């Protein structure tokens, strides 16, 4: 049934209109059945019925009337936003559970990611549903006016917290690469949580002016019945402080981190190359074989080579982590940049730009920015095995990793250990045999040298005696 939306119209007038419409319909059906209706009668009836059943909103500017109109239409955009809300809440809950329950993920970077997931989850709980409600009501505020400033405050708070967390992660990893000893000494769980508290404090401080001024003056948060920031100064300052400045810091430190990792990898490879050359270089004459072998063994057993391998492994892990974080950074920038750029354009070219087009773009771009909160858990799932296995177990309601029974562990490990021990014993026997051979060769060489020297001295003494006898 269509809606007669005329302001200040009583229920009786609406009822009378509907009764008149039914009466006209009945008369027309009787005339049509009796064959007396012609084309002109049908046309007159159609025009009259359309005039009565059209949504006549002349003078109807109240939000309640307009909201009823929009609720009658199918709104596919609201359905899409509902899907985004569900993905955001569910995915970030899985991230929070994974960092809380998995010991492998309990480090400084993942604590930041857990706090970021909390911000995204709260965005999905408190901000996105209200935004979907405004879509259903034609982008007009359907709730009490005092809640508008609170809703904008939460929106700015959680969005600012997201970019601040990414900026803090980038800074923390850069400091860890530049000063690893200092960072490992002073980097603990308490320090990580203190940094997270600092990030939230900065985010609250940036977004706090919205409820302070918005609750006092509705014109700062309302514009033509829509709940949005109407203060141009706050739009400009807030966009730069909460997005563009942290974005610049994040991008610069991220590229510096990549450059430092590449430099360390090059130095580590060159260091391993010099160690290999030293191991193959001979300092002694060829006759002294045992000393050379002992020197080579001491080089190969040098713990520095193990340290070099461990350093290469740590650099490789850092590069993999930077790759995942780089994807998260890139997606966040790509999804939020259109909104903030359009937001600044709306303030700069206020008179020359079409406000309707700018408003429509902002309504679309803000949901693209919200989508980044749902994408992060998918990135972790695709590029991190620990997150992927944890998510799959949590979906199956298995919150602890299944451990193998002790008997199965013994069956699998004891033969391997026995094989390794036998190999070690065989290697030790071979080494002892080779050492015995080399020592025998050395002893024989020494004996030959002694015999040769004795023979030479004997010959010399015989020559002297012959000379004496001749004299």
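Every residue, even glycine, has its Cβ placed from backbone N, Cα and C.
Annotation source Swiss-Prot lists serotonin binding site at 155, 343. Look at Swiss-Prot and you will find 451-465 tagged as compositional bias 'Basic and acidic residues'. Marked as disulfide bond by Swiss-Prot on the basis of sequence analysis: 148-227, 349-353. Taken from Swiss-Prot, the feature N-linked glycosylation site covers 8, 38, 44, 51, 54, and the record attributes it to sequence analysis. Under the heading phosphoserine, Swiss-Prot lists 280. The feature region 'Disordered' is assigned by Swiss-Prot to 450-471. Taken from Swiss-Prot, the feature motif 'NPxxY motif' covers 376-380, and the record attributes it to similarity to another entry. According to Swiss-Prot, the topological domain 'Extracellular' annotation covers 1-80, 138-146, 216-232, 349-356. Per Swiss-Prot, the feature topological domain 'Cytoplasmic' maps to 98-111, 172-191, 259-322, 383-471. Feature annotation from Swiss-Prot assigns transmembrane segment to 81-97, 112-137, 147-171, 192-215, 233-258, 323-348, 357-382.
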| field | Cα-Cα distance linking residue 343 (serotonin binding site) and residue 353 (disulfide bond), given in Å to the nearest integer | value | 12
| Rounded to the nearest Å - Cα separation of residue 343 (serotonin binding site) and residue 349 (disulfide bond) | 10
| message | Distance check, please: Cα of residue 227 (disulfide bond) against Cα of residue 155 (serotonin binding site), rounded to an integer number of angstrom. | response | 12
| said: Pairs 6 or more apart in sequence, C-beta under 8 angstroms, 3 or more of them: is that satisfied by the transmembrane segment (81-97) and the transmembrane segment (357-382)? | reply: yes
| query | Fewest neighbouring Cβ atoms within 10 Å: which of the disulfide-bonded residues 148, 227, 353? | reply | 353
| query | Taking a Cβ cut-off under 8 Å, which residues six or more beyond the ends of the motif 'NPxxY motif' (376-380) line up next to it in the same chain? | reply | 91-92, 94-95, 113, 116-117, 120, 324, 327-328, 331, 387-388, 391
| field | Contact yes or no, the transmembrane segment (323-348) and the transmembrane segment (112-137), 3+ Cβ pairs under 8 Å, gap 6+ | value | no
| What stretch in 112-137, 192-215, 357-382 has the biggest tally of Cβ pairs under 8 Å against the transmembrane segment (147-171)? | 192-215
| field | residue 349 (disulfide bond) in three-state DSSP notation | value | coil
| field | Chain residues in Cβ proximity to the topological domain 'Extracellular' (349-356) (below 8 Å; excluding those fewer than six residues from its ends, i.e. six or more beyond) | value | 232
| request: Using DSSP reduced to three states, classify residue 148 (disulfide bond) as helix, strand or coil. | output: helix
| said: Distance check, please: Cα of residue 148 (disulfide bond) against Cα of residue 349 (disulfide bond), rounded to an integer number of angstrom. | reply: 26
| query | Which chain-mates of residue 155 (serotonin binding site) that are at least 6 residues away have a CB under 8 A from its CB, listed by sequence? | reply | 123, 127, 131
| said: I want to verify one value. Collapsing DSSP to three states, which class is residue 227 (disulfide bond)? | reply: strand
| query | By a Cβ-Cβ criterion of under 8 Å, what residues six or more beyond either terminus of the topological domain 'Extracellular' (216-232) are in contact with it? | reply | 63, 134, 139-141, 145, 148-149, 151-152, 210, 238, 347, 350, 362
